[in-house]
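Taken verbatim from Swiss-Prot:
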- D203: active site, proton acceptor (ACT_SITE)
- E258, E273, E284: Mn(2+) binding site (BINDING)
- H321: heme binding site (BINDING)
Amino acid sequence: MPVDLSTTLSWKSATGEAATMLDELQPNILKAHVRDRLTVLFLGFGDAAEARTFLNGLSGLMKSARTHLQEVEAHKLTKAVGTPYLGVGLTAHGYATLGVTAPADPSFTAGAKAAVEKLADPAVTEWEGHYQQTIDAVLLLGDATAGPVRTLRRQVEALRPASVTVVGEESGLGLANANGDGIEHFGYVDGRSQPLFLTEDVDAERDTTDGVNDWDPSAPLEQVLVPDPAAPDPTVHFGSYFVFRKLEQNVRLFKEAERDLAHDLGLRGEDRERAGAMLVGRFEDGTPLTAQSAPGSHHPVGNDFSYDSDKLGQKCPFHAHIRKTNPRGSGGAEAPEEERKHLMARRGQTYGRRHDDPNADLPPRLRPAKDVGLLFMAFNSNLGNQFEFTQQIWANNPAFPFPPDGSQPGLDPVIGQGARAPQKYAPEWGHNNVAEATDPIPQAVTMKGGEYFFMPSLAFLRSL
């Protein structure tokens, strides 16, 4: 069967060109790979020939998307432990150094530094030092535990010549709540809503979670895959554009904002939890705010919801993080089918160690103010229409989405960048007695640096 990019793929029944694609595609693109322990290495190339030999050697340490999917299936059946993940990405400068034809996405060609003004990012001079330098490649080494990652790191280092330098390094460390769901440092379930590219994953979502009646998570392959132009056969060899951004979270500041908002709105007792939910769009346990006024619907965390019953923003504010970055057909600027095309496969991981429980009832002063955050990672088929669109046109745009009364909701309170103003909230869930907060929600997430990469096919790496 040929590779049909216009729909989802059943990997178990894939044959012909579709099977070849899976055998030559890197893991973690179509389906997330476990990476509770993650090492990220940013590399520079000093000698093109040695860099090519190094990349060729890395291909021998990598597994295919198909192998990863088979490991996941085996783990479900027998609890068999899979192999660690090694992902490889190249920047436009890396391609130029290798003397190889690079993918043509204009944002990729320009690089992340060129997007600073567009995305309202901090100036490059304010980024952490290694992100200010020229980066040619990224390696992702991930697994459920630290041991396999250390072993894989040693194998990578054994292949690395002196002319391939480690420009910088990051370490990811997964966080989970008492229910075992992954959370970010503000304490909220993260990564629950994802575009699903595999038919088997869509079926599992329908049959084993809260369903797919109000929100269909399926997405066509063309939303994440592009032909690999430098591979031996781009009709069956595919890759994906990869965004990496280090986002530091000031947990203390965010928890102060939650406290102050609850005070401004006169929320009492357990209803004070709704203050944070109005910023995020979900309660800490993942319960969607548009679905109910209190936490508790978390087994499993729900994703089958829309904003059709909340068209006035009386339950979940229009500016809540998850409503801004996935309006679920309610944004008002585009037809729902066009709006969906901006969604991307997010593969982020938290970083930084802390001594407090993110979900404990503690005063803000006991929360970390720096050195923790999110290593934001996402796969795209079009950087300008997915990641950059989401950040610039949705999160940073005070006029999006479009409420019926024509008002401006304001920035995404979590990841929005730009001038902030006080925003409106419903002191009573589901009622139209809107009140305005006294002060703007402070920016508690700071971008510390990043880059754009292309994750090529295994066939390309072997051909070097």
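For all residues, glycine too, the Cβ spot is worked out from N, Cα and C.
Other than the site residues E258, E273, E284, same-chain residues with C-beta atoms no more than 8 angstroms from the centre of those residues' C-beta atoms, the Mn(2+) site, are G187, Y188, R272, R274, A275, G276, A277, F283.
Each residue contributes its Cα atom, and for D203 (active site, proton acceptor) and E284 (Mn(2+) binding site) these two points are 27 Å apart. In this structure, D203 is the one among the recorded positions D203, E258, E273, E284 with the smallest number of other Cβ atoms inside 10 Å of its Cβ. Here the CA atom of H321 (heme binding site) lies 13 Å from the CA atom of E284 (Mn(2+) binding site). Taking a C-beta cut-off of under 8 angstroms and a sequence separation of 6 or more, H321 (heme binding site) has the following same-chain neighbours: L279, V280, G281, D412, P413, V414, I415.
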